[in-house]
Every structure is written in C-alpha cells, then in structure tokens.
Amino acid sequence: MEHAQEREACLEQTQRYCVERPIYNQELLQGQLHRRERAPQTLRQKIAHSCRCSSKKAKSHLYRFIPILKWLPRYPVKEYLLGDIISGISTGVMQLPQGLAYAMLAAVPPVFGLYSSFYPVFLYTFFGTSKHISIGTFAVISMMVGGVAVRQVPDEMISVDYNSTNVTDWLEYYHARDTKRVQVAVTLAFLSGIIQLCLGLLRFGFVAIYLTEPLVRGFTTAAAVHVFTSQLKYLLGIKTNRYSGPLSVVYSIAAVLSKITTTNIAALIVGLTCIVLLLIGKEINLRFKKKLPVPIPMEIIVVIIGTGVSAGMNLNESYKVDIVGNIPQGLRAPAVPEIQLIPAIFVDAIAIAIVGFSMAVSMAKIFALKHGYTTDGNQELIALGICNFAGSFFQSFSVTCSMSRSLVQESTGGKTQIAGALSSIMVLLVIVAIGYLFEPLPQTVLAAIVMVNLKGMFKQFGDVVHFWRTSKIELAIWVVAFVASLFLGLDYGLLTAVAFAMITIIYRTQSPQYRILGQIPDTDIYCDVAEYEEVKEYPGIKIFQANASLYFANSESYTSALKKKTGVDPCAILAARRKAQKRHAREIKAANALRKKAANDVEASVKHEIANDELPVNGKFASADANVQDVSPDEHEHFVEPETNIHSLILDFTPVNFVDSVGAKTLKSIIKEYKEVGVHVCIASCSGPVMNELTRLNFFDNTVTRELLFHSVHDAVLACRVKAGSASQ
C-alpha cells in the first residue's frame, strides 16, 4: 500500500506533456512535409571537388599527416617539459630491458630489440596523435614475429654437425641462422608497415572494430601462454628447438620436459631471484603509487644487478649460463629488406598489421577519453605504418603500443609525445655508447622480465567468470579466440577467432528476440506484455516487434515467430477453410446421392401404392429420406472456420536498420496472407533509410501503399481502432 502511494506521489511530481495532432501515416505525413532540394553531383563533379586545392585545405592536410606541426608551436614549456622529461626517462629505463627481452621472443639477437626501441619510437613523435602511448616492442607482436621467423628459418635449415665440439662451428651456425631470421623479421616489418600505411591512407581505420574486446583479450591471453612457454628454456638454461605453427605450445612443453634433467641450476636460481625481485617491485609500485614520485624502475635495476653478478662471477664460463653476447656498438647502415620473402609471409604481415593497430588504437582511445582529447584512428594507422616501414630499413622488427610502458608514461606525468622521443634518445645513448656493458647479461634475466610482464595478461583468465555472467556469446568468442590461438598458433588462431566473431553476428541477427507489445495505460508508450504487469493489449490488435533487421538470413524465422507470437497463422486458417470446403462438398454430394436414391424409392412406392389404390397424403411419405433436404451449391461458402478475434496486426519497425529484397518480398507476402484471412497489417516507426530501401525495391504498389506505414506505434493503434470501429458499424 505504501509502495503504491509513493508511486502515485512520484507520478504527480513527474513532468507531463500533452500533444494534440492528427493520426499520421506516411502518405499524410509526406504530403505535409517539403523535402530540401539537393542538386545531385555527377562523378566528375565529385572528383573535381575532392581534387580542388586551396592553401587552407593543403595546410589542414599537412597538419593531419604530421600532427607535430600543429601542437609543437603551442607547446607550454613551463607546464609540460618537466613532466615529459621525468616520464621520458622512466619509460626509457623500462624500454631498454624490454627491448632486449622481446628480441628473444622475436627470435633475433637482443641488439635488434634496441633498434626497434629507437627508430619507430622516435618517428611516432612526428606522426602519432596519442599523447600517452609508448610505441616499441611488445610481447604479443614479438611472439608473432618470432613464430614466422622460426617457421621460415627452422634450426634444421642451417647445416651443422651437432656432434661437433668446435666452438667456431657453432658460432658460425648461430650467426647464419640469426642473420636469416633477422631478414625475415625485417621484411615482415616492411610489409606490415606498407599494409598499415595503405589502410590508413584509404581511411580503413574501421577494420579494428572487427577485433572485439573479448576476441582481443582471449587472443592476448593465449599469446601470453605462448610467450611463457617459449621462455621456459631460457629460465631453466636448457637447449631445445623453437617451434611454430599448430600445437607449438604442446611441442615446446614436451621438449622442455624431455630435457628437464639438463636444467642449469645456476641459471634457474638467477632467473627465480629476478622474478621474485620484479614481483616485489611491482607490488611496491602498486601499493605506494600515490606516495612514490615515480615508479621504482625494477627492470633496469635487475638488469644492472644481473649484468654485474654475471660479469663478476663469470657465470658464462664457470656455470655455462647463456648470456646476451655480442652487442655491436653504434647504428647500422640502412639496408633494403629481402623482397623475395614477401609471398611467404604476406598473410602473417596482415595479421600483425591489424593486431598491432588494434592494440595501439585501443590504448590511445583509453588515454584520450581520460585526458579529454581526440585521436584519429586513420592517422594512427599511418603513423604505425611509417614506424614499421621506415624502421625496417634500419633492421627493426614490427612494433606497436606496449600497455605496461604506456601506463608508466602516463602515470609519471607525461603530457605529450615529447616523453616518447626522450625515451628513444635514452635507448640511442645505450646503442652508441654503453651497449657493450650489457653483453654479460644472462638470458635467464631477460626471460624473468618477460614472464613477470605477462602477469597482467594472465589476469585476463578472470574474463571467463565476467563474461559468463554478462554475455554467453562474448564468452564463446573469448574461449574460441583463446583455444584456437593456443593450439593453432597466433596467426591461424586470429583468423579463426575473427571468423567465429562474424558467425556470432549472423547468429544474433538470425535469432533475434521477438516480442508482443502492449500499451502502458493512458500513454503512447508500448512495452513487452510478457515483462510488465501494467502493460495491456488492445482487443483485436497485435503489435509485433523483432530486435533485428529483416533480410534473407532471418526472413523465414521472422514469419514463423510472427505466426507463433500472434496466434494467427494465415496458412493454417486457409488450409482449414479448404478442408472444410472439401468436407462440405462431400456432404453435399452424399446428400444429393441420398436424395436421388430416395426419389427412386418414392417412385417405386408410388407405383406399388397405385396398384393397391393407396395414395400418399400431400405427396409425403414416412420414408428414410424424411430428413433429407435439397442442398444448393451456395452452401459451399458456409462452413465453420477457425475462430480469430484479431482484426489488426502492427509490425513495429523501430529496431529495423535495413531491409533487403528477400525481406521486402517476405513483408509483402505477410500483408497479402493476413489480408486473405481478414487481418489488416500495417507497419509502424519505419525509419527514413528503410523507407528509401523499400521504395527502391518496388515494395509499394496498388495493394501495398504508404498508407499502411505509420509514424509511430500509437498512430498505427489509433488508426486500427478507427478502422475496426467503422467496419463494425
């Protein structure tokens, strides 16, 4: 009782409006409106307009292509410079060990990770639109690059005597193998850069929308498992081949387990110690984020300690711990990538280009929303394309945005792309000056850095519980992306996941939700009658709604659901009529045959009675045909047919975005079939684009006019009530 009183009080306080207008169908509404006159442009005029150039337009295009020209002259030095310097140093300190570590994932020598942490990062400063993301090496992309490099240049491809104990033979083997793998990685960066650049210039930035969040998270979680398993051999200090392609995770784990007895204890102790230190450092940074001026650079601290311990204890010679090895000092001369490799890696380059862009643009949007500025998806594609394309001439492999470094760059006060440029300059100083100092760095330290950085990705396993509660379809996408990427490899797994995501879109449109609507009393609002108690249906009127467009894939299910929900099946009614007509025809035929037989019996009886001088009274005899009556052919039209109290059917087209030719034919068939059983069909809330599509598809004719289309559901209901009232009179 109290709840009802509160609701009544709330209704009294609610603002109200009252509108008095005619009942509008499309015919009447279009008659009262005047379309704006638009002169149609020919193709030649459109091309001439797009090619027209002015100083203002040229300046706009230049600023869009090179954004630094727009924001750098307005750079507030006093407000931003200090924050950018601190952020740049913090990110650069993090960039250095990650560059070395992720080069191992890409199956190339560590120095190439430094190259990939300099050239692309510096170029992004000029062409990127995001102020906070950190471009450079990233675990997922590096893993994809490494998979392609190992597939194209497997360990068995380079001939060597595996029983040889000559160090020179093995050094030559490693050098030849690594050189070829670098060529593959560089060509992959070259090709993926061209693809990104072309997609950006053609304004194809929208392709990233097909990589939905569940798909990307499932894919990156599987990539984290790939990365983790690939680093086990470095952590344990054992020698195994690197695998790529389907079931590579299974093969890698099996190879590690088969040689687990050869574990290098010294390497394992160093690696586990580094993992513990890194986890402690990350936990401190997380708990005391607000109190620390900058995060503790635990990764570079671990690298320095590991390098010092390795050099001091001579771990490589004394304990056979694998180290980074030769790091050439200075930059390499530019070289053209191996063009002949392109056909073999083209599909992989497409996958890397799209995944790399989706990673970068998703992080860019997050920071742009947080800090109140805009990013251009197409320009991000162009920027990434230039970074990869130009970087490939200087021996860098494919790069994208790093989530961990981007968070550090933003949290330490970075304001613009200047922070990224400063971090790349720090990497440059290492390359040209002190790179050789990191040669004794144990590979197990780099493996520890990679593994700890996967912590955030492994937390994505919690998505399973989240999506189970929110959306089973998104859960299916996550699971398929994870399982396919885990067992088929990252390239085929991504293609499988995208294909499955497309199938779910088709499934959703093929299996939409169908509802019967009713009116909230004394309003023009219509809701699902099965969901709300207050909602009531008008007697004799059914309002049907499907939350999907009407096209070839769901037209049949639309018709079936319409018949089921409304309880009126024109085909069944017409079939019942035909059955009743046939039954009635048989009854008439039987009655006529009986009448004829009775007439013959009467004639014989009359003859007999004449012989006995007995005449009938008024020509009537108490015979078997006493109850037989003449049946006229007009009685074919009178029979019992299925009862239906529905006189009007309204199709609510509010959720409909488009209708194809099959959908238009289905709609026309529905109108015709229901008309044959005395049910008037009309369409409500049909949008302008859908109206135009129906017009192009020749939907309207003498029988189906625009008078059947109404501006709103309420207009249609009122019109149906008026029509039913006039028909009853």
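For all residues, glycine too, the Cβ spot is worked out from N, Cα and C.
Those TrEMBL annotations? Automatic predictions, nothing curated.
According to TrEMBL:
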type	residues	note
TRANSMEM	100-127	transmembrane segment
TRANSMEM	133-150	transmembrane segment
TRANSMEM	184-211	transmembrane segment
TRANSMEM	249-280	transmembrane segment
TRANSMEM	292-313	transmembrane segment
TRANSMEM	341-369	transmembrane segment
TRANSMEM	381-398	transmembrane segment
TRANSMEM	418-438	transmembrane segment
TRANSMEM	475-507	transmembrane segment
DOMAIN	531-720	domain 'STAS'
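Counting Cβ pairs closer than 8 Å to the transmembrane segment (475-507), the top stretch among 100-127, 133-150, 292-313, 381-398, 418-438 is 133-150. Residues 129-133, 135, 138, 140-141, 144-145, 147-148, 152, 183-184, 187-188, 191-193, 195-196, 199, 205, 207-208, 211, 216, 219, 375, 377, 380-381, 384-385, 388, 398-401, 403, 406, 410, 490-491, 494-495 of the same chain, all 6+ positions outside the transmembrane segment (341-369), place their C-beta atoms under 8 angstroms from a C-beta of that stretch. Contact check: the transmembrane segment (133-150) against the transmembrane segment (100-127) gives at least three Cβ pairs closer than 8 Å, residues 6 or more apart, which meets the contact criterion.
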